[in-house]
Amino acid sequence: MPLRIIFMGTPEFSVPTLLALAGAGHEIAAVYTQPPRPGGRRGLDLQKSPVHQAAERLDIPVLTPVNFKEAADRRTFRNFGADAAVVVAYGLLLPEEILSGTRCGCYNGHASLLPRWRGAAPIQRAIMAGDRETGMMVMKMDKGLDTGPVALARSVPIHATMTAGELHDRLSEVGAKLMTEAMARLEAGELPLTPQPQEGVVYAAKISKEETRIDFSRPAAEVHNHIRGLSPFPGAWFELDIAGRRERIKVLGSEISQGEGAPGQVLDGSLAIACGEGAVRLTRLQRAGGKALPAADFLRGTPIVASAGIG
């Protein structure tokens, strides 16, 4: 028989898994997602999460607790009588009472090959570190941070020009298929669980505002990885003097280039920038409040002369 599932997720990354599970015939008893957040131009409108909106389109009940500190919220969760909970980028810590609140437990779709990149930002960290491979894993959750036993895994290559946004979309697609397979195996009583290795643990800390600034004193390969690992969000950036004002410019695309100079020096008219070793060419940029533009279009509106310094 199809499983009775509670789905827990918030961003766009989670939506394909919700749709896949519903499409596979499982009964989605309820969807848990983070509460609506202020949005719009002035922050006056409350915006529902992508998962919230998807659940409403499917006529699935939606719950948005701020946390699970209230006994009533924990009791409501248990009273759904679910076979399992599926958690994909929910964004809230789950207490023991929730982890054990379904017949078979909680299963998390995590965007890395655990135990590498446990934590909040596995996609960005993998690219920023220059990894050539990552993947999706389904694990049974325990009280640790991404420490539970692994049920299924799929590896995904990270190509040299792939951005975090592109990898995000690929892993979201892979994760939906993998979780659907995991729930089918759980339904059949054939879902394996393997403890994670003790070696190779690396944590994917949340991206801080301070580290998004580009440090051109680093080698070109590291600068390139930094840029694509933060593209499109939150975006790596440098500062530039424009009409006497210091302005922050986001860089959403780059490639390794040739050339030497002082770190941050503009080497030519197509935005090759000297790094600590080698150079990177900036291929897509965005001014504050403006659109992301290819470098040639950006330069037509914002000239940056060769030999200038940026940072």
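Heads up, the Cβ atoms here are built off N, Cα and C, so glycines get one too.
Worth saying up front: this structure is predicted, and the values here are computed from it rather than measured.
Database features (Swiss-Prot):
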- Ser112, Leu113, Leu114, Pro115: (6S)-5,6,7,8-tetrahydrofolate binding site (BINDING)
Additional residues around (6S)-5,6,7,8-tetrahydrofolate, ordered along the sequence, whose Cβ is within 8 Å of the centroid of Ser112, Leu113, Leu114, Pro115: His110, Arg116, Trp117, Arg118, Pro122, Gly135, Met137, Asp146, Gln196, Gly200
Least buried by Cβ count (within 10 Å) of the binding-site residues Ser112, Leu113, Leu114, Pro115: Pro115
